[in-house]
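Peer 1: Quick paste from TrEMBL:
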- 237-337: domain 'P-type ATPase A' (DOMAIN)
- 127-146: transmembrane segment (TRANSMEM)
- 152-171: transmembrane segment (TRANSMEM)
- 183-199: transmembrane segment (TRANSMEM)
- 205-223: transmembrane segment (TRANSMEM)
- 353-375: transmembrane segment (TRANSMEM)
- 387-414: transmembrane segment (TRANSMEM)
- 696-716: transmembrane segment (TRANSMEM)
- 722-741: transmembrane segment (TRANSMEM)
Ligand SMILES: Nc1ncnc2c1ncn2[C@@H]1O[C@H](COP(=O)(O)OP(=O)(O)OP(=O)(O)O)[C@@H](O)[C@H]1O
Ligand SMILES: [Zn+2]
């Protein structure tokens, strides 16, 4: 057996290149495709349940030239093949060869696939034949127990019935594995059974293969449970919606036929079918399905509502703003689905362990079969039997299956609470966070500042100042611009046209109005103008500046090319939840640092209010990035931002968190963890989920390994039998899957929630 194929039963990675298949698609693109465009083919494979099958598929498709990468989503039984083939028939025929029938899926439906209930993987027919097999196997065992010889005709006949009714799928898969020179659990089982027959233990052979068959069915059924539990969390949007027809009537139509900008009506008590903007009506909407927040949110004309959320009180008319496949809910489902096809570190660890464990046990089994009889310390018969028992416990099934189930349940639990985690890696790393850097504006504060002061320093009136400032800010997305623009909107004046507009990140804006060049921004921006000011003007400017900053306001200076014209001050409110979150994180032993582009005085004041002692202010985006780089060189570092200016820093941190992701596409895309709600308390909650997931993960690993060790010892001392080993293996698999599922019901109670509600 070759180096590669000697790896374990189950889904140990086959080689480095294939292992990358678990990484996001863009990686696959760069791989060995010779610059051609990589296409993706999504396939639904009904009987792809177990990591063993993943391995078989990898083995069989590995030989096909033009396949760049494979993404496995075992839980949803979807295989995505990234390839450069012009004809994909070869994929189907290769799959058929190993007994898998594949159904092509349109690329866009992969998301909604999570939200459909799946056909159960255990059919009635399988249950009936397995029952017949079970009766036959136990009759065989019973006859032998009543005194019939183990190789007498009635015993052999009943055993054969059991093997044919219950063992054919196992034997078939073993044959495929053998042909591919891969050592997997089916091959181990088949070896054990054939070995038992060879030493005349017919009843034993029958019982083992039937127990294993039942185990496989139970495992498939329990994975179904995991699948449905997760689908149940995500599936919340109705399939039809009450739409306005061209003749003015309302009619229920299927959601997938509804187009953008159509009007739909949602009555009280109904779930909303598509994302939309409220066109008329007023209601409170329970948005838990998207944001995880338990309090309903008031919705009126102009507000955004999401598919899957529950309209509680009034009738709403909505203008549809996204198609079914693009709703926030579908994107969350898609994101969870993509996350689960990426291996978490523990999973890779377990896979690696499994890759060594099985061959080692196999060699030990061989030694046990051969050495004692050669040395004359045991009979051939007994040694062979012991060796076969060892083969049964060589299967790392429970271990390998429990990790993905647990991780997926952790991801689903978090998604249910409005925390969107982009991969098992971040879920596992969360518990190791030692330092979290927080952005100020929009993260600790609401990010919706209001204009508090307008101080004229030259000939302009307040109204003129406001008009110039607002016209300049019209081209900016910065929260400061929002403050100035919304005040200006109240005045009812028009904005003036601006020529040669430019916006300088972390400084301000400038442009030309009526032939005059203006700039508006922070002190850094003003100083870059190099104006020579009369001493008395300089004095007034400095005094006002100091005074406003003393009040913890962000001060902007409006200037033309020769004079300083005015000071404008804005103030932002701290989020109520920030304080509690900061305290909780500190209790968890995490260091907090505030990073901000704002002035030192205001930064320090806000930090003091929330209880953060380390502050870095007046940072440019690249300086934020530098700070994060320094932090993450030393410890596991998280960064929380709103994803607009701080995308590079978010990307550099070990875990980048984006706030209020439900409102912003960039945030949802750039973050490793997207907090759907504008609430920092989701951060300690994320860490708690991470810790609980790790706990369950290690419980499972510990339990599975203990059972193996126990049986190893029992076997070596001649105290276990083959069917006991199968029983233990199955039982362990089942228990670890159930233990993983328990996570879904984990109560993420937190101090802050109980005290604030
Ligand atoms: N469009 C703008 N108009 C006027 N001033 C601006 C504008 N954009 C940035 N500034 C000034 O530059 C400063 C730094 O901006 P930056 O976006 O880096 O940080 P911030 O939003 O204030 O805070 P944080 O870094 O916490 O998000 C702002 O405090 C403001 O004084
Ligand atoms: Zn197993």
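Counting begins at 1 with the first residue displayed.
Cβ atoms here come from the backbone N, Cα and C positions, even for glycine.
All TrEMBL annotations are machine predictions without curation.
Buried or exposed, and what's around them? Tell me for each listed feature.
Peer 2: With DSSP states grouped into helix (H, G, I), strand (E, B) and coil, the domain 'P-type ATPase A' (237-337) comes out at 20 helix, 37 strand, 44 coil.
A Cβ distance under 8 Å defines the sequence-distant neighbours of the transmembrane segment (127-146), meaning residues of its chain 6+ beyond its ends; these are 152, 154-155, 158-159, 161-167, 202-204, 206-207, 209-210, 213-214, 217.
Beyond its flanks by at least six residues, the transmembrane segment (152-171) meets 129-130, 132-134, 136-137, 139-140, 143-144, 186, 189-190, 193, 202-203, 205-207, 209-210, 212-214, 216 of its own chain at Cβ-Cβ distances under 8 Å.
Long-range contacts of the transmembrane segment (696-716) within the same chain, counting only residues at least 6 positions beyond its ends with a Cβ under 8 Å from a Cβ of the stretch, are 346, 350, 361, 368, 386, 389-390, 393, 396, 398-399, 402-403, 406-407, 409-410, 428, 724-725, 728-729, 732, 735-736, 739-740, 742-743.
Here the transmembrane segment (722-741) has Cβ contacts under 8 Å with residues 192, 196, 204, 207-208, 211-212, 214-215, 218-219, 222-223, 225-226, 229, 385, 388-389, 392-393, 395, 397-399, 401-402, 405-406, 409, 696, 699-700, 703-704, 707, 710-711, 714-715 of the same chain, all six or more residues outside its ends.
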